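Student: For reference, the structure I am asking about is given below.
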Amino acid sequence: MSADLSLQIDTPAESIEALAKEAESLKAKLEEERQKLNDVALSTVAQRLENVGQLNIKPRRILKGHQGKVLCLDWSQDKRHLVSASQDGRIIIWDAFTTNKEHAIALPTTWVMACSYGPSGSVIACGGLDNKVTVYPLVEDDSTQRKKPVGTHTSYTAYCTFLPNSDYQILSGSGDSTCALWDVESGSRLQSFHGHSGDVMSLDLAPQENGNTFVSAGCDRKALIWDMRTGQCVQTFDGHESDINTVKFHPSGDAIATGSDDATCRLYDLRADREIAVYSKESIIFGVNSVDFSHSGRLLFAGYSDYTVNVWDSLKCHRTSILYGHDNRVSSLKVSPDGTAFCFFVLQYSKLGHHIEDLGITTTGLPLPNAVDQRCHKELKLPKFRIERNLHSKWTRL
């Protein structure tokens, strides 16, 4: 006597659909448990701190010389020199104190979207629509004759940066949805980072004491934390409603700030594994192109497409100052390594280039950053939100 046994075998499509539903269910449960621990707002915790007040920030230098739109800049570790790249096909090395041009390098492409100063101050790297990352030594003779192609993506290079204390390793992000770690000497790819579903627009290295991690963000509206040793994504943050154009680590290494085309900046805490602050106003309707923190992290500088730079109190979540008077969108800004000044550029032609803003201006009798920034340094550390290690077992502090 035999019985017909029929086995129901799911097709690959049905299996994938079932797994997707299970993942969404687990995600919903995780979010529910996370919200139970979300018992306090950052602005509430920061109420005991004194207000920063209106900042009297004034231009100190205007660097003129590019004949095309300036797309990127970077500070040297000596706190004095800057590198900028423009659609006029040139990279210029500036002395921020004197406004003199110390080097001018002609590039093979006019679409350079990323540039970075090497830690030693003797080399720079750049990349753009040629899909390459190229290193140029800063020498007295023709630097173009000594250029060194390091690596090539399958789409444009949107961002590149040297690793701390090394001129021989470069991290890059690309429109091919990947990040890559390159060896300068051999030109080999040491590590690839796959996880984004859209163009990678920005990345930032964690402070050195926080280990081998970096953050990337892009057109998939997500910010991802990576372990450079394994190439794995260890944390994911979302919440923006449009492309993320810029991302920056908080000086403590415990949080990241993002800026998006949805006209908001957001602060995410790595320990709490969630968003803890949103910097926005109803009157702000244009996208954020670049963000950076002051030396202590109390101030968040954001460059917008409405031609302004907004300065936010990162703890109290309100705007302290607005810098007006620019003729085009502020596409990039960076605080100097010592935190005493920041430089930003406006996306326009030679009529006006970079601005050097001095944070040492006195306001209400207190010099910045010495009074507001450094005096409150111990108070400005982000509050320790409860860490959900049991809910996020994949993440371990690196």
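Cβ atoms here come from the backbone N, Cα and C positions, even for glycine.
Feature annotation from TrEMBL assigns coiled coil to 13-43. Here TrEMBL flags 63-104, 150-192, 193-236, 237-278, 288-313 as repeat 'WD'.
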Student: Would you mind listing the long-range same-chain contacts of the repeat 'WD' (193-236), meaning Cβ under 8 Å and 6+ residues beyond its ends?
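Tutor: For the repeat 'WD' (193-236), the far contacts come to 155, 158-159, 161, 163-165, 171, 173-181, 242-249, 251-253, 256, 258, 260, 268, 270, 273, 392, 394-396, 398.
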Student: Report the DSSP secondary-structure composition of the repeat 'WD' (150-192) as helix, strand and coil residue counts.
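Tutor: Its residues divide into 0 helix, 25 strand, 18 coil.
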Student: For the repeat 'WD' (237-278), I need the partner stretch with the highest count of C-beta pairs below 8 angstroms, choosing only from 63-104, 150-192, 288-313.
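Tutor: Selected stretch: 288-313, with the most Cβ pairs under 8 Å.
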Student: Of the residues in the repeat 'WD' (288-313), how many are helix, strand and coil by DSSP?
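Tutor: Secondary-structure composition of the repeat 'WD' (288-313): 0 helix, 17 strand, 9 coil.
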Student: What does DSSP give as the helix, strand and coil breakdown of the repeat 'WD' (237-278)?
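Tutor: Once the DSSP states are binned, the repeat 'WD' (237-278) shows 0 helix, 23 strand, 19 coil.
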Student: Taking only the residues in the repeat 'WD' (150-192), give me the average pLDDT of this model.
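Tutor: Taking every residue of the repeat 'WD' (150-192) together, the mean pLDDT is 96.
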